[in-house]
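Comments concern the structure below.
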């Protein structure tokens, strides 16, 4: 079958992967309302394309935290990628580098920061969970720095793991031939079998539920790397992120895997962007499956987007070549959307290029 869009990799991954592994990657929390909504909310935003503009040259390049990248489409942290493909995070790192974009490595990767760095050059961020043992955290941050990672994406929406019922049914655990490589030498690399989800038990035992804004300050005291706060959904928390010295915000609901019935990230985005008031960049992850989605996020004020599930599904289907193809398809679709909307650079994408659901009730002229 010829793959013509990103979502088709989901179907192939479902056929190829063991049920426990596919369900781990694919499922969301509880009723999975937010999981569906993350994608459906994009479909309710419509375009207002401008015509008769010279679009013979289109520039997709952008700068993220001072690093020039080829497009505003980056790779989100997804855990345990060697469950999807033997090359796991190595393949993803090489694909991101080839595409000229940023990869974010998960704390719970099945390849270590040093191993991923060994794949060659590339701008990489490190996603951080804060463990109860702060020495473990400090050690991990120092290792990421030494391995050349350029920023920390601090996950702030997981004091406890969301209730992922597929993982409970499947008694999810990391396959015995794999470890959480970053924690291997600390006796924290294995996941015990459980009569629940093995990951939920691991999180309950290791992750610090007392995490608060003061810990963002603590993190700044142990690293000079910029800190992105990942998991912001409200204006209030966006303002606090700015006040507490965050370098950027990632609007994220953890791929709809934490609290169900939170809004889609594309729905929450504008509120967060307005609260940030241009003081720090705001990014988005969750539900991005088309180049049109990327355009809509940028029109609502995002500086870029991160993709998660499309990476692990394409990795499962075709390894590094699959991840490269996902990045290329999204790039091509995004470039086409820009051309058909009359935009030749990212700065030309404006709020006036889209109509959100609330605006379909009112004449557009009212805000022009």
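We count from 1, first residue shown onward.
Backbone N, Cα and C define each Cβ position, glycine as well.
Please treat TrEMBL annotations as automatic predictions, because they have not gone through curation.
For 1-359, the entry in TrEMBL reads domain 'FMN hydroxy acid dehydrogenase'. The glyoxylate binding site annotation in TrEMBL covers 24, 129, 164, 254, 257. Positions annotated as FMN binding site by TrEMBL: 77-79, 106, 127, 155, 230, 252, 285-289, 308-309. Annotated active site, proton acceptor per TrEMBL: 254, in sequence order.
Neighbour list (residue 77 (FMN binding site), Cβ cut-off 8 Å, at least 6 residues apart, same chain): 104, 105, 106, 107, 109, 125, 127, 153, 155, 308. Pairwise Cα distances among 24, 129, 164, 254, 257, which the record gives as the binders of glyoxylate, peak at 18 Å. Counting only the Cα atoms, the space from residue 24 (glyoxylate binding site) to residue 79 (FMN binding site) is about 10 angstrom.
With all protein chains in the displayed structure included, the most crowded Cβ environment within 10 Å among the binding-site residues 230, 254, 257, 289, 309 is that of 230. A C-beta separation below 8 Å, combined with a sequence spacing of at least six in one chain, links residue 129 (glyoxylate binding site) to 107, 108, 155, 158, 207. Around residue 164 (glyoxylate binding site), taking its Cβ as the centre, 24 other Cβ atoms fall within 10 Å, counting all chains.
The binding-site residues near residue 230 (FMN binding site), taking a 10 angstroms Cα-Cα threshold over the set 164, 254, 257, are 254.
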